[in-house]
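Annotation source Swiss-Prot lists transmembrane segment at 33-53, 77-98, 113-133, 178-198, 226-246, 288-308, 320-340, 347-367. For His83, His182, the entry in Swiss-Prot reads heme b b562 binding site. Summarising the annotation, Swiss-Prot assigns heme b b566 binding site to His97, His196. Summarising the annotation, Swiss-Prot assigns ubiquinone binding site to His201.
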Amino acid sequence: MTSPRKTHPLKKMINNSFIDLPTPSNISFWWNLGSLLGACLIIQITTGLFLAMHYTPDTQTAFSSVAHITRDVNHGWTIRYMHANGASMFFTCLFLHIGRGLYYGSFLSRETWNIGTILLLTTMATAFMGYVLPWGQMSLWGATVITNLLSAIPYIGSNLVEWVWGGFSVDKATLTRFFTFHFVLPFIIAALATIHLLFLHETGSNNPSGMTSNPDKITFHPYYTIKDILGLILLLLLLMSLTLFMPDLLTDPDNYTLANPLSTPPHIKPEWYFLFAYAILRSIPNKLGGVLALVLSILVLMIIPTTHLSNQQSMTFRPITQIMFWMLTANLLTLTWIGGQPVEYPFIIIGQIASIMYFLIITTLIPLSALIENKLLKW
């Protein structure tokens, strides 16, 4: 008799996606990040749901409601810090996941890659709106600075900013709508992640060698479920260590001061995971140019499948391109550092050079390296 998991309509879907899924036998721990991102999303939705039960999206009470969660709600501080540091874990896994895709040529599955880019943008929007909710100084001024970027759009810019604000400044209406979107977007992310998986399972997973793995595949369960559980344990260990021992390591002290529209903080900066994009935005003196560079810093990922000129999929056997990849990694770390520094010499010039290098490596140097390697291998 055939097992119900192979015949039952619902069980069959789960079976084909997580149990009997044919998986390459040689995929490394870099392929764990997808399941870790799923775990992060579940943690964020769960903790966020409990926080929403006690939070009030009103300029008069938002700050004190967060203080109330931390002080008076049973284990409220744990939930709050798990949610705040969970976002850092989420973005760490996201960046590593994208890096893995770049290194091993996973971007050649175009639909999966493009939906992944949309997922990144949606996650960034969600995190930005979430940062506004505690209504501290950095929440208010971060929201003011970033939403003000829309005014760079010709003709409709200023009207668009006021439409987003729901008034003439970031106020109660803005906070309410940001809370609404922050609550809804994670479910949209979950839906997009399902489509991401759907397209991935059409082609199957890539592997470190970049060669076809059709002759040598194994079932996802138990081999990779066990491997994913180990990754999950390590993720939870890191998250709980941050939450319990250093909850404020990655947050801004300014956000413990109630939002005051009459006092501007000396340095307005976003959370660490946005600093690379913020550095690119600040490196261009022109407002519209900066906004375009900011948007392109993420959208540039979508052109990577087109600029792939190598005859090999993966970077495993391509030393010149590997050097370019690690240059890009170092460059992104430099941008992250610059984004947190004040706008003065020498940080301005370092940021400008790093911004140029970021686009140059992705659009020119990596494709050029591929052509050189093709020539050397006489392919």
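Cβ coordinates are placed from backbone N, Cα and C, and glycine is handled just like the others.
The model shown is predicted, which means the values in this text are computed figures rather than measured ones.
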Fill in: Residues of the parent chain within Cβ reach of the transmembrane segment (33-53), under 8 Å, 6 or more residues beyond its termini
69, 79-80, 82-83, 86-87, 89-90, 93-94, 96-97, 100, 182-183, 186-187, 189-190, 193, 228, 231-232, 235, 239
Discussion item. Does the structure show the transmembrane segment (347-367) and the transmembrane segment (288-308) touching, where I'm treating 3 or more Cβ pairs under 8 angstroms (sequence separation 6 or more) as a contact?
Written reply: yes
Worksheet item: Between the binding-site residues His97, His196, His201, which lies closest to His83 (heme b b562 binding site), Cα to Cα?
Response: His97
Practice prompt. For the transmembrane segment (113-133), find every same-chain residue at least 6 residues outside the stretch whose CB is under 8 Å from a CB in it, and list them.
Written response: 55, 57, 62, 66, 87, 90-91, 94, 97-98, 101, 106-107, 139-140, 142-143, 146, 170, 174-175, 178-179, 181-182, 185-186, 188-189, 192-193, 195-196, 199, 270-271, 273-274, 277, 298-299, 301-302, 304-305
Discussion item. Cα-Cα, whole number of Å: the residue listed as 'ubiquinone binding site' versus His97 (heme b b566 binding site)?
Written reply: 17
Worksheet item: Under DSSP, is the residue listed as 'ubiquinone binding site' helix, strand or coil?
Response: helix
Worksheet item: When neighbour density is defined as the number of other C-beta atoms within 10 angstroms of a residue's C-beta, which of the binding-site residues His97, His182, His196, His201 has the lowest density?
Response: His201
Discussion item. Can you work out which residues elsewhere in the same chain, 6+ from the ends of the transmembrane segment (77-98), have a Cβ less than 8 Å from its Cβ atoms?
Written reply: 30, 33-34, 36-37, 40-41, 43-44, 47-48, 50-51, 66, 69-71, 116, 120, 123, 127, 130, 235, 238-240, 242-244, 247, 250-251, 271-273, 301
Discussion item. Whole-number answer please: how many Å between the C-alpha atoms of His196 (heme b b566 binding site) and His182 (heme b b562 binding site)?
Written reply: 21
